[in-house]
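Remarks on the structure that follows.
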Amino acid sequence: MIQLPPTPLHDLNPAFHQEFSSMSWSALHAMPSTTSVGPSLKEVNTFSQHKSHSIFHHGAEIEQQNKFRQEKVIISAPLDYLGSLPGKDIRGKLISAFNEWFKIPEEKLEVIKRVVGLLHVASLLYVHEIQHTHFEPSLTKPSKSLYRIDDIQDSSKLRRGLPVAHNIFGVAQTINSANYAYFRAQSELFTLGKPQALDIFTEELLRLHRGQGMDLYWRDSLICPTEEEYLEMVANKTGGLFRLAIKLIQLESENTMDCVPLVDLLGVIFQIRDDYQNLQSDQYAKNKGFGEDITEGKFSYPIIHSIRKDNGNSQLMNILRQKTEDEDVKRYTIQIIESTGSFEYTRQKLISLTAQARALLKSLGVDQSSGLASILEFLELKQ
């Protein structure tokens, strides 16, 4: 084998050495800013590798960041779509109203709003859009005609007058986006810097899913709950995000006032009002579809009262079993519910609950011109 003599340092390409002044080395933190000794061959080779690695690493990092941003846009698309739909943002207003008392820093309040907002949108995607999808038990793969949409759980085809997310992005992508939102919300909690925040988050999500589980069980098993069972379920499910928000606010505040009983009451008012509007409001029908609780087969507050008042109300139970989309059948169903005095009973229940909430506000020393008083006024049924 022919042995080549080692190449002397002065025979190496001089341009390579001239390319990097001591200033260049210093800027890249490869050596001190001034030196009286020129780089040795070993130093030159080391720097060359360092520069190549740095450039490659920087480029790869930028590429990875761009890829992550693109993936985030794709994964979050159903969330962003639903979040862009017009709405009253009652939860955000409620959080701001409670902070009139607790006065936590605005940056902390915004974190709590983001957490609750993400969980709310996730619940709309997953609880309402996905879990309300019905499949024929004899089929292993559902066809398009078998999707019942209220977002997937409620059977509705509209949300705020526009198509539900899973009709645009598909069921699988919508499920994934909802789960992604749960973990994004959880990651936001770490910015609060309070270990107890994660305990509160976990406790309330467990309660929320327990409530939702019972709601689905009654619907899918065609079991009509008692009024007391329904109110307990609502306190767990609908009250969950309200309770999460107020507990996180209280965690950040020096104010020791306990507002959880008030929040629980507001959650019940909110849900019963929604049940009533679903079957009685023209605007609700325009935004979400006519009589969607009937199509879903849901045991809502007025429906439960009607069934219990009429000794099981076999007609109403049979209609719920059918999960009908026929508007004439749904109009007849509403007549049945009206005939048992169930809408009037629901109105009176809301009046009673609202009076209790006002009394609680007064006992807490809340001004009637406050944000919370305004929210209660908004929740009152307008005849």
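Using the three backbone atoms N, Cα and C, a Cβ is placed for every residue, glycine included.
Swiss-Prot lists K88, R91, H120, R160 with the feature isopentenyl diphosphate binding site. Under the heading Mg(2+) 2 binding site, Swiss-Prot lists D150, D154. What Swiss-Prot records for D150, D154 is Mg(2+) 1 binding site, and it gives similarity to another entry as the kind of evidence. According to Swiss-Prot, the dimethylallyl diphosphate binding site annotation covers R159, K237, T238, Q271, N278, K288, K298. Under the heading Mg(2+) 3 binding site, Swiss-Prot lists D274, citing similarity to another entry as support.
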K298 (dimethylallyl diphosphate binding site): secondary structure state under DSSP, collapsed to three categories: coil
Cα separation, K288 (dimethylallyl diphosphate binding site) to R91 (isopentenyl diphosphate binding site) (Å, whole number): 19
Least Cβ-crowded entry, counting other Cβ within 10 Å, from the binding-site residues listed as R91, K237, K288: R91
Rounded distance in angstrom between the Cα atoms of Q271 (dimethylallyl diphosphate binding site) and H120 (isopentenyl diphosphate binding site): 14
H120 (isopentenyl diphosphate binding site), number of other Cβ atoms within 10 Å: 20
Distance [Cα-Cα, Å, rounded] between K237 (dimethylallyl diphosphate binding site) and H120 (isopentenyl diphosphate binding site): 11
Distance, H120 (isopentenyl diphosphate binding site) to T238 (dimethylallyl diphosphate binding site) (CA atoms, angstrom): 10
Cα-Cα distance linking the residue listed as 'Mg(2+) 3 binding site' and K288 (dimethylallyl diphosphate binding site), given in Å to the nearest integer: 12
D274 (Mg(2+) 3 binding site) and K298 (dimethylallyl diphosphate binding site), Cα-Cα, nearest whole angstrom: 13
For T238 (dimethylallyl diphosphate binding site), the three-state class that DSSP assigns: coil
Rounded distance in angstrom between the Cα atoms of N278 (dimethylallyl diphosphate binding site) and H120 (isopentenyl diphosphate binding site): 19
Other CB atoms within 10 A, centred on Q271 (dimethylallyl diphosphate binding site): 21
Other CB atoms, at most 10 A from the CB of N278 (dimethylallyl diphosphate binding site): 26
